[in-house]
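Copied from TrEMBL, the annotated features are:
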- 6-27: transmembrane segment (TRANSMEM)
- 47-65: transmembrane segment (TRANSMEM)
- 71-93: transmembrane segment (TRANSMEM)
- 105-123: transmembrane segment (TRANSMEM)
- 135-159: transmembrane segment (TRANSMEM)
- 166-188: transmembrane segment (TRANSMEM)
- 194-215: transmembrane segment (TRANSMEM)
- 257-282: region 'Disordered' (REGION)
Amino acid sequence: MAILGSHNPLAATFGIFGNIISCMVYLAPARTFWKIYKKKSTQSFQCLPYLVALFSSSLWLYYASFNIRHAFLLVSINSFGCVIEIIYIVIFIKYADKHAKKLTIKLLGAMNFGSLALIVLVTRFAIDESYQVKVLGWICDVVSVIVFAAPLSVVLQVIRTKSVQFMPFCLSFSLLLNAIMWLAYGFFNKDMCVALPNVGGLALGLLQMLLHAIYRNRGAKENVTTDGAVTTFVVVVNPLGSPEVFSTAVKDELSLENNNNNNKGGEDDAQGKTVEANDCPL
């Protein structure tokens, strides 16, 4: 078990399951990027979630490098995640319009090169060696906590509308499973920097399961309309290890009818819009 990054068999076991689930989470947006490739357009999709995922995975990979012999499972999943996210970002940049392309490149430079380089320099040269791992671990934890903002916004949307159409079950269940696996891995591996963020992930996953239990029947009977011009919701599913972000796009159920009848007013265009998950790892 030591070769898997832990002398504790339970930590290794949970880490292996965490890697399997996280790989599924990383690969789930492939459907979205296949659509982008086929249509040669990024449409209403945004690249920020994938930039954040790359940044967070890079940080955890750097964290694991301080003790690579005992963090093999963190190294493996975050190395895989970095490669996948880079592929997604390259595809996005290739097919994005001029404005989105420039913005993505700027964010990539500022976040994934500038900020990451600054963190590496500060932790390597400005902090005493005995505190480097601890400081870097807290930085990783802060980033992991920040990405909770997206699912919390969706939770509030569910409570406001009393419908889980904005929070697909499989995404919520993925969050719960990932949080359990990485929380257990960190606990049994005695790595609190890995375990702590997933306490929040576990609480958020349980809250989402509770909301599904409360509002699932209402969601099945009612179609909740969206207000405004919002076409995409963002749901963060994997707060640690491999923090992936899923986009849930607004689907216009009346699009076919509107295409056949061009005389319908603007009010019809705003009706019948429900949210569906584009990607699901399970």
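Just so you know, glycine gets a Cβ as well, placed from its N, Cα and C.
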Between the stretches 6-27, 47-65, 71-93, 105-123, 194-215, which one has more Cβ pairs under 8 Å with the transmembrane segment (135-159) than any other?
194-215
Range from 47-65, 71-93, 105-123 with the greatest count of C-beta pairs under 8 A to the transmembrane segment (6-27):
71-93
Taking a Cβ cut-off under 8 Å, which residues six or more beyond the ends of the transmembrane segment (194-215) line up next to it in the same chain?
74, 140-141, 144-145, 148, 151-152, 155, 158-159, 162-164, 167, 169, 172-173, 175-180, 182-183, 185-187, 239-241
Quick test of the contact rule: Cβ under 8 Å, at least six residues beyond the ends. What residues does that give for the transmembrane segment (71-93)?
3-6, 12, 15-16, 18-19, 22-23, 26-27, 29, 33, 36-37, 42, 45, 47, 50-51, 53-54, 57-58, 60-61, 63-65, 100-101, 104-105, 108, 185, 191, 194, 241-242, 244
